[in-house]
Structure formats: C-alpha cells, structure tokens
Amino acid sequence: MPLSYQHFRRLLLLDDEAGPLEEELPRLADEGLNRHVAEELNLGNLNVSIPWTHKVGNFTGLYSSTVPVFNPHWKTPSFPNIHLHQDIIKKCEQFVGPLTVNEKRRLQLIMPARFYPKVTKYLPLDKGIKPYYPEHLVNHYFQTRHYLHTLWKAGVLYKRETTHSASFCGSPYSWEQELQHGAESFHQQSSGILSRPPVGSSLQSKHCKSRLGLQSQQGLLARRQQGRSWSIRAGIHPTARRPFGVEPSGSGHTTNLASKSASCLHQSPVRKATYPSVSTFEKHSSSGHAVELHNLPPNSARSQSERPVSPCWWLQFRNSKPCSDYCLSHIVNLLEDWGPCAEHGEHHIRIPRTPARVTGGVFLVDKNPHNTEESRLVVDFSQFSRGNHRVSWPKFAVPNLQSLTNLLSSNLSWLSLDVSAAFYHLPLHPAAMPHLLVGSSGLSRYVARLSSDSRIFNHQHGTMQNLHDSCSRNLYVSLLLLYQTFGRKLHLYSHPIILGFRKIPMGVGLSPFLLAQFTSAICSVVRRAFPHCLAFSYMDDVVLGAKTVHHLESLFTAVTNFLLSLGIHLNPNKTKRWGYSLHFMGYVIGCYGSLPQDHIIQKIKECFRKLPVNRPIDWKVCQRIVGLLGFAAPFTQCGYPALMPLYACIQSKQAFTFSPTYKAFLCKQYLNLYPVARQRPGLCQVFADATPTGWGLVMGHQRMRGTFQAPLPIHTAELLAACFARSRSGANILGTDNSVVLSRKYTSFPWLLGCAANWILRGTSFVYVPSALNPADDPSRGRLGLSRPLLRLPFRPTTGRTSLYADSPSVPSHLPDRVHFASPLHVAWRPP
C-alpha cells in the first residue's frame with residue numbers, strides 16, 4: 001500500500017502526536033528509511049518510458065519556442081535629459097559633511113565608469129539590428145532606429161562621425177576631450193569642450209576639413225595624402241565636378257575619405273531657412289556651391305567623365321523612373337524636402353580609434369509583461385560574457401531574506417521612489433566607446449540582405465539599375481504606413497549610423513554592479529543626513545521609512561530635492577506610499593516579519609492547480625517550478641529540503657513524476673505560509689554539541705546527555721543535538737560549534753531529516769562557540785561531572801554585507817547647523 005499523505009506527515013514529525021524526539025528524529029537519518037520512502041513516493045524512478053510533458057500551466061519546457069510578439073504601435077519611451085553632476089562628491093559633502101571612505105570610493109567608481117574588456121570582436125553593420133521579427137522586418141528596423149535616435153538625442157549615446165571623432169547631445173563632462181584640429185584647438189569654451197560653431201563662422205572651412213577626417217598634423221592620413229593639395233573653394237558649381245565619395249555601404253571599407261561627409265554635400269537649396277545649423281556644409285550647399293577636392297587619385301571610385309550620382313540612396317529615387325506601382329520613388333516624391341542626410345550633435349569630441357562596425361546587436365521587446373504599450377531596447381553585448389576572453393564581472397552584495405527582514409521589519413511608514421532610466425544616469429568614459437557599439441547599415445543594405453540571397457558587392461547598390469532591386473510591394477506598404485508615423489525622418493533613418501554608449505548600457509555585466517554601488521552610496525549619504533529615518537536601496541529601487549506619515553512626507557520632500565540637485569531623475573508618477581507594509585524585492589515586509597507578495601502566492605496556487613500527477617514532467621519545466629517555489633520556500637515548514645527531489649532530477653536532466661502524496665505534501669506546505677520574523681539581539685544560554693556516538697546539552701545550569709543507537713556522521717549528529725536543544729529548552733538562540741548547522745542550510749542532510757529539522761529549528765538564531773569553550777563539549781562525550789563556567793555570548797542579528805551603519809564623522813564647524821524639521825522623536829532614532 002503506497003504511503004499516504006497523513007502517514008508521511010506523521011513520519012516527518014509535523015503532527016503533534018509524534019513520540020519523544022530523541023527516539024523519533026535519529027530514525028529519519030537512516031539511509032534505508034530514506035530510500036524506502038523515496039521509492040514509495042516514486043521519487044527515485046527517473047527513467048520513464050512514457051513521453052515527457054513539456055508544458056505545465058504557463059511554464060514551458062524543452063523543445064518549445066515562444067514566438068516573440070511584435071507590436072507595430074509601440075511607443076518609444078521618452079528619456080529626460082539626464083545629466084548626473086560631475087562634482088557629485090562635493091555636493092554630497094555640502095549636504096552631509098565629509099563622506100566616509102566607502103561612499104567616496106563608490107562614487108569615484110562611477111565618475112566616470114570605465115570598461116576594459118580583454119578582447120572585442122567587431123561584427124559587420126548588417127548585424128546591428130537583429131532580424132528578431134521576420135514578419136515585421138522594416139517596421140522593426142524603423143522603430144529600433146527611432147529608439148536609438150531618441151537615446152542619442154537624450155545624451156545616452158555618442159554618434160561616430162569619423163574614426164577618431166564623435167558627436168553627442170546634452171551637457172559635456174570634463175573627461176570628454178575636445179576635438180583638436182592639428183595642434184590648435186578651436187572654439188574652446190570654458191568647459192574645455194568644443195561646441196558646434198555657428199554656421200557663418202570663420203571656422204567653417206576648418207570644421208569641414210576635420211569632418212573629412214583631415215587631421216593631418218596628427219598623422220592620421222599623412223600616408224594617404226602624399227602631398228595632394230586639398231582646397232575648399234566656394235566658386236564651383238556642383239555639376240562641374242562630382243565630389244569624391246559614396247555613402248559608406250556598411251561593408252567596412254572606409255578608404256573613401258570623404259564618405260562620411262558626402263551625405264551632406266547634396267542638399268536642396270530649400271533647406272536654408274529650415275536647418276540653419278544642422279549641416280556643416282550649409283554655407284556652400286545652400287548657395288548652390290560645393291566642396292571641391294582637387295587631384296583625385298586615379299583609382300578613385302568613379303572617373304571624372306561619369307555623370308554625377310547623388311550619394312544618398314533615398315534621394316536617388318527622386319530622379320529615377322518608377323519601376324512599378326510599388327516603386328519607392330512614389331514615396332520619395334511625396335515630399336520636396338526630406339531634411340538632412342545626417343544630424344550632428346551639439347558637441348564633438350576625440351575618441352580612440354573606432355571602426356565602422358558594431359560589437360552587439362539590438363532589438364525591441366515589450367517594456368515589461370504589464371506594459372505592452374511601450375517598447376524596451378534589448379542590447380546584446382553577450383560577447384563579453386562568453387568564451388575564453390570573457391570578463392569576470394565583479395560580485396556585489398544582494399541582501400538575503402533574513403538580512404532584509406532584520407533591516408526593514410519595523411513599525412515605520414514606508415514609501416518607494418522610482419529612479420527613471422537608472423542605468424542611463426551613470427556616465428562611461430569615452431575610451432569605452434569602441435567596445436560598446438550599436439548601429440545599422442542603413443535601410444538599403446538591410447532590405448537587400450534579407451530579401452535576396454545574392455551577395456551584395458561593395459557599392460553595387462550605388463548604380464541606377466540596382467537601385468530598384470529593393471522595391472517590393474511589402475516594402476512599399478510598410479514605408480507608406482511608417483511615413484504617417486515618422487514623416488521625413490524616414491530619410492534620416494534609412495542612412496547607416498554607428499553609435500557608441502556614453503552612459504552604461506544594460507546588456508553588460510558591469511552595469512548592475514555599478515548601479516548597485518551608486519545607489520547604495522547615495523542611500524548611505526541620505527541615512528547620515530537624516531539619522532532618524534531609514535533609506536535603503538537595491539539597484540534602482542529606493543525605499544524611505546519614517547516613524548509617522550507627516551515625518552515621511554517632509555523626509556520625502558527633502559530627499560527628493562537632494563536627489564534632484566545631484567541630477568538624479570525621479571519618476572513622480574511611480575512614487576508609491578505603502579503605509580506600514582513595505583513591498584520590496586517581491587516581499588511584503590511589516591512589523592511581523594516578511595511574506596511573499598500576493599501575486600507570487602497566486603502564481604503558486606495556479607501552479608499547483610495545473611500540476612499533473614503520475615506524468616513525467618520535463619526537467620526544464622521542473623526548473624521553472626523550482627524557481628517559483630524556491631522563492632517562497634523560506635516561508636514554509638520544511639523549507640528548501642522539501643524541494644530536494646526536484647533539484648536532483650534537474651541535476652541529472654531527467655523527467656520528474658509527481659506522486660499524489662508528494663504533490664499533496666508540497667501543496668499543503670505552500671498553502672500555509674509562515675512569516676520570516678526579525679531576529680532580536682540577546683544572550684545565548686543554551687549550548688549543544690555532539691560526537692558521532694552521543695549528544696550533550698547545557699541549558700543554564702542544567703546539563704543533559706544521550707547516545708545514538710548507531711554511530712552517525714558528525715554533521716548529522718550535530719544537527720540532531722541542535723534540534724534536541726531547541727525542543728527541550730524552547731530557546732531561540734543556540735550555541736553550536738558546527739559550521740554546517742550554523743549556516744542553516746539543511747539540504748545536504750538525509751532528505752527526511754532535513755525536512756523535519758527545518759521545521760524544528762525554524763526561527764532559531766545560532767551563535768558560533770569554539771569547541772574548546774563549548775560547555776556542552778563534556779556532556780556530549782559522556783562526562784557530566786566537570787562543569788565549565790557558562791559563557792555570556794551576545795547574539796547580534798546580521799544585516800549581511802549590506803552595511804548600514806556608517807558612523808557620521810564630525811561635521812566641520814564652518815557648515816551652518818542644519819535646522820531639523822519638527823521631529824516627532826525627542827531622541828535620534830536608530831533603525832532596528
């Protein structure tokens with residue numbers, strides 16, 4: 001007869017009518033019994049002949065591909081003009097007095113952040129935008145380009161102008177080195193950064209030269225020039241001689257020196273009024289003149305006799321005959337003025353040599369499962385986390401559940417702040433730009449690469465007969481719809497572009513580390529400025545707690561103003577006031593302790609409702625089930641040990657079959673959740689110790705000992721002794737000299753013992769006692785005669801590595817005394 005659920009509960013000593021613990025508990029360590037129970041519950045039978053189940057509820061397993069859903073109406077989120085103040089350390093010191101070593105070190109780490117990969121692999125521009133939605137290629141291309149353009153406008157990205165220069169929008173930092181022209185630097189501002197000169201300025205020609213990549217004194221192009229005379233004359237009509245250079249085709253050939261600027265040379269005269277400062281060549285093009293380059297080398301892209309070809313793929317359609325009803329020339333002729341071929345930022349800086357390549361692909365997805373209206377850019381820089389040259393990212397402290405509860409479980413009022421686009425606050429050094437490149441090869445190549453199997457030869461699409469190869473009904477219809485959304489930006493977005501990150505990107509393992517350092521330093525400063533409140537953060541989630549609601553509101557105003565003064569952008573719509581139960585990191589934390597949030601409890605109920613019995617479930621599904629149940633395991637009677645059979649099946653990559661008893665056991669475990677309570681400081685007065693053959697306890701002045709029927713492994717014996725001490729004395733602080741018991745991880749013990757011990761020792765705090773000083777050492781060896789003096793061992797609750805108490809150094813006298821708002825507390829209250 002199979003083991004029933006009631007019998008199994010009794011076996012695990014979860015019922016009250018169990019016999020004396022000293023007899024019952026050691027039986028659970030018996031290997032034979034564990035094996036027998038595993039067979040009864042069908043836990044060990046991993047080799048099954050029935051086909052595996054690959055889907056349970058929302059959990060999918062092996063061989064299932066979830067098709068990503070493209071939303072043609074995605075809104076691109078707007079990014080505030082985020083600029084974190086460069087003198088953030090000075091501002092914090094004005095606010096709170098001298099910073100501690102830890103705070104200073106952490107803030108220096110991100111001002112600016114640096115990124116040093118060992119090896120960087122460059123990919124062709126075609127791989128810039130991933131064909132993630134094969135059905136919606138063109139739509140996805142333009143949405144992604146628009147997202148990248150938005151980020152560039154918000155100062156998050158640099159735009160590669162030439163191999164050694166980049167432009168960006170927003171306020172410059174001092175480490176962004178101005179663009180030099182030869183030895184003299186031009187248009188120097190007080191900040192030492194080059195801003196764009198006005199169009200009519202005398203620096204125009206110099207600026208054009210530097211755009212053409214001619215920094216001759218730096219020897220960049222000295223070898224290529226070989227004494228050619230380059231001059232810029234404004235007296236020659238563009239039809240007289242075609243300027244040299246075609247649009248870079250994305251194939252990476254940057255030998256045509258003028259290629260980057262050629263896109264600006266042909267612009268309709270209409271644009272004079274509309275774009276006074278967009279193009280560097282405005283002065284010439286608007287008056288119908290162009291840059292002339294003398295003495296073209298004989299091997300130039302085309303001979304002089306050839307008729308001039310406009311370098312812009314998009315605008316070429318204007319002069320060509322429509323090839324069909326769905327020819328792109330119909331769309332290009334919709335507008336007289338399509339705007340500039342390229343936009344340039346407000347500032348130009350020097351950058352290390354950056355090739356015309358990308359180092360990671362991008363694509364769009366839903367912002368989050370609850371918000372499918374807006375899109376989110378996914379950047380794949382996984383090359384830095386893979387292979388022999390992978391970068392090992394720095395580790396940082398993630399607060400565990402007990403530490404969080406010790407810190408935050410109190411009778412405070414709470415609110416949480418939302419930092420908008422938290423990653424994009426932290427500036428990156430320009431030296432990192434060549435490693436973090438995204439971009440695209442332009443619409444013509446993107447469409448050609450995906451629509452035809454033929455190889456695209458370099459510059460092939462520059463000729464007229466190949467121009468119409470890309471015309472198709474699908475492309476025509478897509479562009480017509482997109483024209484309603486983007487208007488004349490279609491032209492701008494159809495050009496190739498290469499962008500490097502100016503702020504830390506999300507797809508690199510360094511970023512979460514830096515963000516965690518940054519927010520923890522800021523919270524540390526806030527805690528010291530307001531000693532009677534609690535500020536805590538994990539990544540971009542910042543919470544504030546205070547004794548009363550009025551106090552919390554004034555604190556909220558003060559902290560918000562402080563954060564805004566540092567240049568940190570908060571999202572006021574997402575500020576949440578929680579009352580006395582804080583919702584943080586998936587938990588609800590109140591004065592009683594912590595519990596999982598409601599939506600997680602609902603997911604668990606749903607999971608058990610859909611869980612099939614007596615059917616082999618694919619280990620990938622088990623992995624997902626364990627992920628969900630593991631989060632709530634600390635709140636159950638038996639904790640993680642109850643999930644051990646599932647862990648074993650995942651490790652051996654076999655299917656797992658839930659027997660009705662095991663499912664009922666887990667179901668009952670997860671339907672009654674117990675809060676994880678805050679640990680309290682106290683004195684340890686109960687000690688336990690064991691040898692393989694016996695155990696001993698000391699409770700105050702009372703001492704006990706006992707023996708095991710058969711010798712046990714030492715860790716098992718120590719665990720049993722701790723369980724006896726807890727059940728005999730009822731004390732919730734125990735002294736032990738065994739590090740495994742101290743760690744409270746009971747997953748390596750025999751399965752039944754681990755489950756039972758977890759319930760007996762739930763809520764117990766352990767203090768380490770060296771063996772030589774442990775008063776229970778003698779009783780465990782069978783000697784009751786000698787009594788050692790009782791130790792007074794204090795227990796301090798741990799807050800893990802999330803150190804809170806940075807003691808405030810004395811504030812220098814020249815700072816005025818801060819006026820405290822009427823505090824409901826007479827004494828400065830310290831967090832628990």
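Note: Cβ is positioned from N, Cα and C throughout, glycine not excepted.
Per Swiss-Prot, the features are:
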type	residues	note
BINDING	D418, D540, D541	Mg(2+) binding site
COMPBIAS	251-263	compositional bias 'Polar residues'
DOMAIN	346-589	domain 'Reverse transcriptase'
REGION	1-177	region 'Terminal protein domain (TP)'
REGION	178-335	region 'Spacer'
REGION	241-263	region 'Disordered'
REGION	336-679	region 'Polymerase/reverse transcriptase domain (RT)'
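A map of Swiss-Prot features onto the structure.
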| residue | record | Cβ within 10 Å |
| --- | --- | --- |
| D418 | Mg(2+) binding site | 16 |
| D540 | Mg(2+) binding site | 18 |
| D541 | Mg(2+) binding site | 15 |
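D540 (Mg(2+) binding site) carries neither a helix nor a strand DSSP state and counts as coil. Listed in chain order, the extra residues whose Cβ falls within 8 Å of the Cβ center of the Mg(2+) site residues D418, D540, D541 are S416, L417, V419, A422, S537, M539, V542, K574. For the recorded site, D418 (Mg(2+) binding site), the DSSP three-state label reads strand.
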